[in-house]
Amino acid sequence: MEVVPAEIAKKPRTPTSGPVITKLIFAKPINSKAVTGQTTQVSPPVIAGRVLSQSTPGTPSKTITISESGVIGSTLNSTTQTPNKIAISPLKSPNKAVKSTVQTITVGGVSTSQFKTIIPLATAPNVQQIQVPGSKFHYVRLVTATSASSSTQPVSQNPSTNTQPLQQAKPVVVNTTPVRMSVPIVSAQAVKQVVPKPINPTSQIVTTSQPQQRLIMPATPLPQIQPNLTNLPPGTVLAPAPGTGNVGYAVLPAQYVTQLQQSSYVSIASNSTFTGTSGIQTQARLPFNGIIPSESASRPRKPCNCTKSLCLKLYCDCFANGEFCNNCNCTNCYNNLEHENERQKAIKACLDRNPEAFKPKIGKGKEGESDRRHSKGCNCKRSGCLKNYCECYEAKIMCSSICKCIGCKNFEESPERKTLMHLADAAEVRVQQQTAAKTKLSSQISDLLTRPTPALNSGGGKLPFTFVTKEVAEATCNCLLAQAEQADKKGKSKAAAERMILEEFGRCLMSVINSAGKAKSDPCAMNC
């Protein structure tokens, strides 16, 4: 840190006030390479030299100390507080002073501010003299100047410096969202207003007296940051870019983006029709507590006849199989959607007593057994396990060793079982034949009612009755009426008149038949 003292004589503001000597102490750090910040303050060029003062020894002096953070303090012996113009007289000629011209840029950042010294070249194209009317001082404008632009990435704390050539004396619009840059050096005639902005995605605008504006862009394209949306947690809201509208996006997990396969209500069952091999369409079953019934539950279900249990007991087949009652003979039924609360309470009570109450009773056998078997076994005592209320016989499986039945006849070599099975098979075959016959008869009747009368062919030609058209019938009737009038004029008897009319009708029919024969033998005449 080196301190450069300088004394500058200030002109009096009014003729009555005396001159004031101002001492400026410039504090410049040794290392000023890294320049970071958002607010840029540009000081006018300082020309090194000595002060030509005409003040008296009693002239008050003012000392100003300038450091990295700006003006630290000032001591003023005079009461004058208004800003005055500072006149600096060069020590030598203007050309020599230009060579030693030093410009200091104070860049104020978030935490610290640093100085960067720019020394332009003293060549002829780089120096432009400005003549100001009414001024005895020489002003020099720096034509080509370079400034350090700082691009700070929000991800890392270490700033990176990017140097870009900028044009002179033009307003600058700096976008501070991805990149922060410094302001170029302009001449002392331009008045600058630097507006500090907080660190947020806004733009910093530096206005000057000239109306033209230009945007500072880096020489190399900046890498676009593409976020990995797959690693974002659920519920993250993606804000839209500025100027693209108010549409926002939210990240949802994959299990939420699914299409509903079921509607808000459950269709109980469809109308049963006697078609197909089974003869009865089965109903869709509802799983209880995530338990899906096995393939044995696809058997036809007979309607229940409950009267006092409200269809909420396990001996109701509909309730035990996890189905709603539909087309049943039960009375005061609660096994429907209208009494869902009572139904759920009954299901919970049954599961508390027996956790496997609603599991299918007919499941797979043990390992190595391909046949199905009852999960608990039947408890038949008098039916011999040959009635439909035996669950093993109803499922068309044989009783196993876990059954507790008495007098069981539902085993492999039982003659009664074979007879009943044969009868059941014969009855099933008979029902299928009757159903097929009814279906065939109904289809034939519907075909006769819907299909048009086919045109019967006789060797590729038309039959004689197809020639009996409306015109032919009218002509035949006229002939018959003419014969009746002729018989009346001649005074023929009734029998003779009828005979004449019938003979005329036969002649007309023969003419139609002859015409059909001619058309059959001569296709060209028929087509014509």
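Easy rule for this one: first residue shown is 1, then count along the chain.
From the backbone N, Cα and C atoms, a Cβ is placed for every residue, glycine too.
Among the features that Swiss-Prot reports, Zn(2+) 2 binding site is placed at CYS304, CYS318, CYS325, CYS328, with the record citing similarity to another entry. Taking the Cβ of CYS328 (Zn(2+) 2 binding site) as reference, residues of its chain lying under 8 Å away and at least six apart in sequence are, in sequence order, PRO303, CYS304, ASN305, CYS306, CYS311, CYS318.
Per Swiss-Prot, the feature Zn(2+) 1 binding site maps to CYS304, CYS306, CYS311, CYS316. In the structure as shown, the Cβ atom of CYS311 (Zn(2+) 1 binding site) sits within 10 Å of 25 other Cβ atoms.
DSSP assigns CYS311 (Zn(2+) 1 binding site) to coil, not to a helix or a strand. Taken from Swiss-Prot, the feature Zn(2+) 3 binding site applies to CYS311, CYS325, CYS330, CYS333.
Every protein chain shown contributes to the tally, and the Cβ of CYS385 (Zn(2+) 4 binding site) ends up with 27 other Cβ atoms within 10 Å. The Zn(2+) 4 binding site annotation in Swiss-Prot covers CYS378, CYS380, CYS385, CYS390.
The Zn(2+) 5 binding site annotation in Swiss-Prot covers CYS378, CYS392, CYS399, CYS403. Under the three-state DSSP scheme, CYS378 (Zn(2+) 4 binding site) falls in the coil class.
Under the heading Zn(2+) 6 binding site, Swiss-Prot lists CYS385, CYS399, CYS405, CYS408.
The SUMO2 cross-link annotation in Swiss-Prot covers LYS136 (among others).
Annotation comment: Swiss-Prot describes LYS418 (among others) as SUMO2 cross-link. Note: LYS418 (SUMO2 cross-link) has no non-local neighbours, i.e. no same-chain residues 6+ apart with C-beta under 8 A of its own C-beta. Secondary structure at LYS418 (SUMO2 cross-link), as computed by DSSP, is helix.
Taken from Swiss-Prot, the feature SUMO2 cross-link applies to LYS438 (among others), supported by similarity to another entry. Under the three-state DSSP scheme, LYS438 (SUMO2 cross-link) falls in the helix class.
If you look up Swiss-Prot, you'll see LYS440 (among others) marked as SUMO2 cross-link.
Annotation source Swiss-Prot lists domain 'CRC' at 300-413, citing sequence analysis.
The N6-acetyllysine annotation in Swiss-Prot covers LYS23 (among others).
If you look up Swiss-Prot, you'll see LYS28 (among others) marked as N6-acetyllysine, on the strength of similarity to another entry.
Annotated phosphoserine per Swiss-Prot: SER43 (among others), in sequence order.
Annotated phosphoserine per Swiss-Prot: SER61 (among others), in sequence order.
Per Swiss-Prot, the feature phosphoserine maps to SER89 (among others).
The average pLDDT for the domain 'CRC' (300-413) in the predicted structure is 81. CYS408 (Zn(2+) 6 binding site) sits 6 Å from CYS385 (Zn(2+) 4 binding site), taking the Cα positions as reference. Sequence-distant neighbours of TYR315 (site 'Critical for interaction with target DNA') (same chain, 6+ residues apart, CB-CB distance under 8 A): SER309. Around CYS316 (Zn(2+) 1 binding site), the same-chain residues at least 6 positions away in sequence with a Cβ under 8 Å from its Cβ are CYS304, CYS306, SER309, CYS325, CYS330, ASN335. Counting every protein chain shown, 24 other Cβ atoms lie within 10 Å of the Cβ of CYS378 (Zn(2+) 4 binding site). Within 10 Å of CYS403 (Zn(2+) 5 binding site), counting CA to CA, the recorded positions CYS378, TYR389, CYS390, SER414, LYS440 contribute CYS378.
CYS318 (Zn(2+) 2 binding site) falls within a helical segment according to DSSP. Put simply, CYS378 (Zn(2+) 4 binding site) is 7 Å from CYS392 (Zn(2+) 5 binding site) when counted between their Cα atoms.
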